[in-house]
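A quick write-up on the structure given underneath.
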Amino acid sequence: MNNQGRSILAWAALFIFVILLFNVFQSDGLLGVRNNITFSDFLTRVDERTINSVKIQGRVIEGTSNDGSTFSTYSPDYPDLVNRLTSNDVNIEVVPLETRMNTFLGFLISWFPMLLLIGVWVFFMRQMHGGGKAMGFGKSKARLLSDKGPKITFKDVAGIDEAKEELTEIVDFLRDPSKFQKLGGKIPKGCLLIGPPGTGKTLLAKAIAGEANVPFFSISGSDFVEMFVGVGASRVRDMFEQGKRNAPCIIFIDEIDAVGRHRGIGMGGGNDEREQTLNQMLVEMDGFEANEGVVIIAATNRPDVLDRALLRPGRFDRQIAVANPDINGREQILKVHLKKIKYNSTVLARIIARGTPGFSGAELANLVNEAALIAARLGKKEVDMHDMEEAKDKVLMGVVRRSIAMSEKEKRLTAYHEGGHALVGLYCPAASPIHKATIIPRGNALGMVQRLPETDEYSQNREQMESSIAVYMAGRVAEEIIFGKNKVTSGAASDIKGATNIARAMVTKAGLSDLIGPIFHGSSSDDMYGRQQSNEISEATAKLIDAEVKKIITQGYEFAKDILTKHIDQLHTLANALIEYETLSGQQIKNLLSGRALDSEEENKFPFNDAHTIKIDKEKLHEKTKTTKAQKENIAS
């Protein structure tokens, strides 16, 4: 049992002892055991003259018999009691109520609240600050990683080989510094892991702890600043002193953006305390005193908010980007996590990796775990590929909401809405392939068309972005064509938002507007309160931007309308199939519209000869929505 458990048991035993002591004194247990008798029996003994003396305190009567035995009883409101006792020669002693309580017991009860408060305060001070150091607020909360338990090594980290190589070099330096010092090299003072959430930054730190044969301390950025002024700076000093005593060692600071934000962007005492903590960290990392052998490794997914002084060489010499894995990285990560579950030969890591572009390592781990849970729920002994597909749909599209009972009218409208998305997506050559279309409510949506790129995408061209806008607008267009303009629903609100975001990014960030040109008009850096500031633009330019955004969205709207009008029969076919089957894969949709068997696995290049025709129509639509010179002058005025 650890010290904390023994301390809790000791305080519990003390509390029980005090309660027992209270009961003992209250029952006069230390003064002898008294025989309780009834009041009628007491009166009989008085009349028989067998009672020598009594002590009366309120309604409690304690007495001594002629043979020396003691007794006690409780008296009702009996006016003739005293006369009856004196007539039978019984000695009477009357005691005030206030003096009945034992002196020690009274002292204990009067001081008990104060003693309890002192005891609780001492208890918490011991627990929070290392066993009795009541003023230990400034002590570092860095935890030394124990050698007990399973170790995570670089073998458990997959898909981020570049980051592993950089960190392996640091581990090698700590193990054998002479190898690098022969050439005059110095160990890096700090290493910053940068990347989106779930890419394995903390896992890398755990692997370093498992690989390095040196002490490894870990702490969170939020552990420095608390309620007392100066605590953060004191904890930073104590952390580095702890590191120097155990050098060579590694100190890992997770989520360093909690304490390392830009100085001067906030107001108030809390911000001053955070800046004081950051200043102390800057001095400790690269100040007058050297920290030989103490390597700082930090992780963050917000490098844009970190102070520039923290990022300079000499503090964080290396900044390692930990990005989402590519298809090969995803395959390696899946193989690592598949080792932990039972699966059959139908599960192919390469196929799963190809169908999960953009997934982080944490999302892939969650995918494998969800598949195992689905298989267990169905009573299977092994996970198969169908379970993996179900898990992927759950992660991508959300949990199926079986509690929602859609009417036939809503189901029909949703089928045409999602059918419009899917059909336009098939006829847009630059759009990402359709993964699945469903009218089963998932997450916050009544239906969904999920698109997945065939390869990892790191940028998009104009045609891809325009195709995405057309696919976004296709659901609303389908509702308008089938049910009329007055029957269009609010279900396309999120689609309109997505299309607007893409169009505005094309105009203000990517420079893909001929009218505005390659000029950046997006949001700039944070202001002093941490809010995003937009670039200063004139009112005329703002109107031009709005006009260009509207033009691009209208162009996508007309493009989608042209496709759906031309292929209205296919829209009806697809919508009816969604009503019947509720969920269709991209391959099933192609088979359906090509007249093949729904579950045919033959390669199907759909559409056949329509892509060129649609491209020509798109150019006509561009001419239709083109901003004329007169319109430009009107907007500018």
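Every residue, even glycine, has its Cβ placed from backbone N, Cα and C.
Confidence across the topological domain 'Cytoplasmic' (1-6), taken as the mean pLDDT and rounded to a whole number, stands at 59. The topological domain 'Cytoplasmic' annotation in Swiss-Prot covers 1-6 (among others) and is backed by sequence analysis.
Residues or ranges marked as transmembrane segment in Swiss-Prot: 7-27 (among others).
Among the features that Swiss-Prot reports, topological domain 'Periplasmic' is placed at 28-103.
Under the heading transmembrane segment, Swiss-Prot lists 104-124 (among others).
Summarising the annotation, Swiss-Prot assigns topological domain 'Cytoplasmic' to 125-637 (among others) and lists sequence analysis as the type of evidence.
Here Swiss-Prot flags GLY195, PRO196, PRO197, GLY198, THR199, GLY200, LYS201, THR202 as ATP binding site, drawing on sequence analysis. In the three-state DSSP reading, GLY195 (ATP binding site) counts as coil.
Note on ASP495 (Zn(2+) binding site): other Cβ atoms within 10 Å of its Cβ, all shown chains, come to 19. Under the DSSP three-state reduction, ASP495 (Zn(2+) binding site) is assigned to helix. Per Swiss-Prot, Zn(2+) binding site is recorded for HIS417, HIS421, ASP495, and the stated evidence type is sequence analysis.
Summarising the annotation, Swiss-Prot assigns region 'Disordered' to 617-637.
The binding-site residues recorded for this entry are HIS417, HIS421, ASP495, and the Cα of ASP495 lies nearest to that of THR199 (ATP binding site).
Secondary structure at HIS421 (Zn(2+) binding site), as computed by DSSP, is helix. Neighbour list (GLY198 (ATP binding site), Cβ cut-off 8 Å, at least 6 residues apart, same chain): SER360, GLY361, ALA362, GLU363. Summary of the Zn(2+) site environment: with the site residues HIS417, HIS421, ASP495 set aside, the chain residues having Cβ atoms within 8 Å of the Cβ mean position are GLU418, GLY420, GLY447, VAL449, TYR472, ALA474, GLY475, ARG476, ALA478, GLY491, ALA492. When the binding-site residues HIS417, HIS421, ASP495 are ranked by how far their Cα is from the Cα of PRO196 (ATP binding site), ASP495 comes first. Burial estimate for the binding-site residues (GLY195, PRO196, GLY200): highest at GLY200, by number of other CB atoms within 10 Å.
Closest by Cα distance to PRO197 (ATP binding site), from the binding-site residues HIS417, HIS421, ASP495, is ASP495.
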